[in-house]
Structures are given as C-alpha cells and as structure tokens.
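Database features, via TrEMBL:
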type	residues	note
ACT_SITE	A:157	active site, nucleophile
ACT_SITE	A:323	active site
ACT_SITE	A:356	active site
BINDING	A:227, A:357	substrate binding site
DOMAIN	A:51-280	domain 'AB hydrolase-1'
SITE	A:325	site 'Important for acyl-CoA specificity'
C-alpha cells in the first residue's frame, strides 16, 4: 500500500470498458459478434492527437500497466517502472493506452465471459486468438478513441510481437515500434515449453474440456504446473542461482519424496499456487496458442525482411543478455530483417542478469535507452 | 529386431540378480534390511581381477546397457554405442558390470517391490536414496563379484555423479573415473525443473500419496508431464529446431485449444505417453531427489577441491557444447577442482549439437576420445 502516491506515478487510475458490436473476423475463420475491451489511459491526448502510445501486454499481463487503483493497492501496475511522469514513457508528453487483450481474463471478453448464444461461459468454445486478431481489435479501440495513428506501439515479449504486427497490418497507423525481449516467431523449444503447460491444464481432471466453470471447479493443479514451468523460462539460470542457489527451506534435509527441501522449490510452488488462484485456464491456453501461431514471415516463405517491407515505422529493438526464452539472437533476427528491408532501426542488447523478466525491471541502462528513444519521438 | 547380432555387439545377454541380506544404512537415516540388485556383465573378468569397469546409469536408465536380450529385441542396451568388442569400453579388454540402481523400477529393489514388512508394494514408503547410498550398494555388489578395485567407474549425467562419488567414498577401489555430461551439484534451475516434474506426479489424483499400485492405477498424466519437461532439457534448442523447427503436424493449422499443430508437440506427447507406460512414478521422484541432494562438497563448506583431495583415481571429464542441462561450465567446475586438488585429469569439450543427450550418441570425436582414454588404462 502506498502511504502516498509517488511523485513519478500516474497516480490513481480507473479502467474503462468499450463495447464493440460490429463482428470481428478472426484468423481461425470464426468471428466475434460482440465484445468488450477493458483499458486504461495515462496522460492527456494532445490537440493534434499525435501523442498516443499503445502498450501491448504479454502472456499473463493486462490493462493495468501503471498507477494504482486505490490507496489500498499493494503494488502499482505491471510496467509502472516505465510509465509515468518523467519515466521512459513520459505521461507528461504521451497519452498512453493500455488494454486487456481479447481472450484475456481481466475484464475484456474472454473464455470466462458469458457466451450470449448459450447464456453460459464460453470456456473452451471461445475462439482461439492470434496476434493479428488482437491488432485488429486494438485498431478498433484506437478508432473509438479518435487515434488514427500511434506515436508508438510498445510491448515486451508477446507484446513486442503485437507491436511488430501493427507495423505490418497497419503501416500508416504507427510511427514507432518498440519490440522488447521479443522474437519473430517461436522456436521448437519455445513451443515445447508451451505444450507442456497446455498438457498440464488439458489433462487436469478438473479442466472438464474447458467447461470447468459449469462444474464449479478450477483446474488449479494444471495452472500451477503451467506457471511453474513458465516461470523457470522467465528467469535466467544465473538469476535463479543468485536468488536461491541451493539454499535450504529448513535447517536440515528431510530426505523424503514430498517435502520442500530447497528455497527454489518453495518459491516455484508459491508462484504456481498464487497464479492458479487468479488466472483463467482457458486464457492461458489461448495466450500460449497466440504465441505459437505468431509467424508473420510465413506469408512470405519465411522471408522476414520481405514481410517487414510494408512497414513505415521506425523501430527500436531491445534484448537482454541472459534472456534464454527470447535470446538476443532472436532480436537480432528482427534487426537483420529490418536492415535488409532498409528500415530505421535502433538495437540495444542490455547486459542484465535477470533473464526474460528483465524487460519488466528498472534496469538503469534499459530505462535510459528506453527514455532516450521515447524522448526523441516527435509529437 | 537384429536379423543377426552385429559383430561389434556383446551379443545376447541375460540379467542376473544378487540378493543382499546385511542391512544397508542410508543417508536418510533409515536402512534397507534386504534388497536385490539386478545387473548384467559383458566381457570376462581377468585372472588378476584388474579389468572390471562399472557403468552407472542416469535418471531413467537401468542395467541393460549393451547387447540384446533376445533376437526379437527392437533395440540394444542404452549405451550399446559405447560398450562392445572394439568399442570405447572394449569388452575384449574389460569386464563390464552394469546394474539397475536401488530404488529403480527395472528389477532391483525399489518402490514397486513388495515391502516384506507389509506384504504390499513399498510405494512412497521406500526410502529416498542418495548417490552415496547407491555407491555403497554398488560396493557390496563389487564384493560379491570379487572385485576389490574397479579399473574404471564410468557414467553420464547422474551416472557421472556416482562415478565421482566412488572416488570420494572408496578412493582405494577405483583407478579411473569418467564423468561425462555431469555436474558437481544441481543449480537452482536444475532443481526447479525437477520440482515441476515432481509436482506433476505428486498432484496427479491417481498418485494416491505414492500408493497407486494398491488402487490399481498409475499416475500416467503426472509421469507424462514429468517426462515432457525433462525431455526438453535433454535436447538443445538447436537440436529441437533442426529436428522439428516449426513443422506442422497436418497440412494446415486447426486453430483450437487442444489440437496438435506442430510436430514438436506430437513428439513430446508421444515421448511422455510412452514413458508413462513403462516407468514407475515413485522411482521418478526418487531419481530426481537423488539428483537434487548430490553435493559432495557440502561436507567441506562447498570446497570441491578439498572434497576431491581424498581421491586416488585419475579422471576423464567430458562435456558437450550445447548441453544446457549440465553445461560445459559445470564440467569445468569439476576439472578446476581436480586441478586444484592436484589430480590427473583429462578434459574434453565436444562440439555436438544434440544437447545433454549427446552422451548417449555415437558422435565420432566423443567415441574416439572415450576409446583413447579407455585404451590407455592398464589392466
């Protein structure tokens, strides 16, 4: 709980909801007739509507990126270190829009919403979403906000994929794209980890084919395992070593099959259990599928440079040395393609021990580079 | 099925069983009153009993390391590429002993054996084993075979840990130690992956606190997930990319929550399902625990060099460039400690794309180095 709101915070914020009634056609062939997107905004839209920045969230993210919902909040929004007055995304300069993606579980229409056709939750009947679908839905949100062009679309990880997709789907509508700790597509290993997470959920007896809400249960075990395996990939080996090493939970070893012996086990179990109480299992499946499917270059026989030729944005790509989920090599693939496509691109590889999660952390060199880039954007 | 036994095979082999009735004290404080070890031997023990080599197996391994059990066998033993006449561990020179470790599920006494005290399977009542316990039980097997000193103790991964422990627990009884793709202890990340595997098994409703045999079920789902996550760590990112890339299972994407879209998903599911039908869940827990607990330097405040001072063996340490489970850096920790302890040590880092599993594969440079080292051993 903040005893007082910090000066560099956007302060108390409230989410808003926007309903859409024009059907949205999806990559899967289906369409959503009606849907709602929940979003927050920080800062003020200027008169020429030229200072809007879109924040795209990653797998388990949501619209609440900065500030506090109440004075009782224990923590601010998930990217508060980067969004606020004087911060990298300076809300004195920019009008920031942050939404919960379609298919999410934090207010926007998703698997846990009521399906108007049946009167019961969509569950596994909710359509699978792709990054392209999200960008299309985000474009409609921009329309309702009167934003014809974003000064920048910004995202980390899966959010970076959305930022890239914006420059391909709507080249006229984005001036700058910031793709942080991202990748042009998943590797076989990335897909494999997602598949373990999905199998953990799908095989949980309380998943009930995705209709667990009607059974009054939650596939907690599956979600817990999915989060545990995900969490390992968010941290570097070094970061885990630094944080836990082989530190013991108690003073001595228990030597049995089920006790928590090491602190890292305790940490992972806690992370898994906490997550399983607040996240929707179908949304987790949907998010991992969106990651798997993302491969914009597939339309051009894998030629990413050719794919990005259509883009009109300038690009800023950032990666972190110890990120093994989306390693610097994956960011360099994006940079190489952008150079081959003769786009303006800044690239920074940040020396950071935290692994993939580094993009969420207040690392001085990262914040400095991020600020520098954002400060140079003309509005 | 071999239509004919290859010339460089040890040929048809049969496992033998050895019963022990003197209680074995274990690190956990308990003891095993009676137990049986299943083992195979290849080659002939020479008159001076100086040519015996012990093979120590890894997590899911067993005694059947080389040759065939029958002409109907689809595949030879798990290390057939390295054991046989003219191979790295040349059975024309050496007498090779390969056992199933205590707590295993391939014939030696383990959780699926009948507990004489209750008349029902041990299940989760089987004591947790450590690498030290295994080495003590292996020493007793050596006694019954009349082997007072091994020419070499050899193992990969968890097997390499046993080989190292031999030089510490029984320095007079081992002349050469070969530790391949191994580590002096698990890292926090290593433990974390084991913990995900364990939680998958422990939370499977069909685990029944480890007494699933009495319920006539198998925690297949947990074992499947455990194997899937394990399998990812056995392969390198590159090897997975090379083998599967983003290749699709069918011609086009299904865009739903449960379909197998990518070949890598299909491969992992198959590996997981196949494994869950043949491996014991309690043994899996036990093996991961033995890995977690291994940390011989803990007795010397983490000083591995001091720990290894007692060793009288010469050492051969080998690692593989793309192994990220036990990376070359982990092998170099062993080598550095051995040098500090003024031991004879050969170290080879083999350029191989296969990841951790490389130690099981017929990689020419690996086989050549392995052969060279073994050939120089005086018997």
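Cβ atoms here come from the backbone N, Cα and C positions, even for glycine.
Unlike curated entries, TrEMBL annotations are predicted automatically.
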Restricting to the same chain and to sequence separations of six or more, state which residues have a Cβ under 8 Å from that of residue A:325 (site 'Important for acyl-CoA specificity').
A:157, A:181, A:190, A:233, A:234, A:355, A:356
Average model confidence [pLDDT] within the domain 'AB hydrolase-1' (A:51-280):
96
Any idea what DSSP makes of residue A:356 (active site), helix, strand or coil?
helix
Among the recorded positions A:323, A:357, which residue has the largest number of other Cβ atoms within 10 Å of its own Cβ?
A:323
Provide the number of Cβ atoms within 10 Å of the Cβ of residue A:356 (active site), excluding the reference atom itself.
24
Within 10 Å of the Cβ of residue A:227 (substrate binding site), how many other Cβ atoms can be counted across all chains shown?
24
At the Cα level, what's the spacing in Å between residue A:357 (substrate binding site) and residue A:323 (active site), rounded?
8
Cα distance, residue A:227 (substrate binding site) to residue A:323 (active site), nearest Å?
18
Residue A:323 (active site) - helix vs strand vs coil (DSSP):
coil
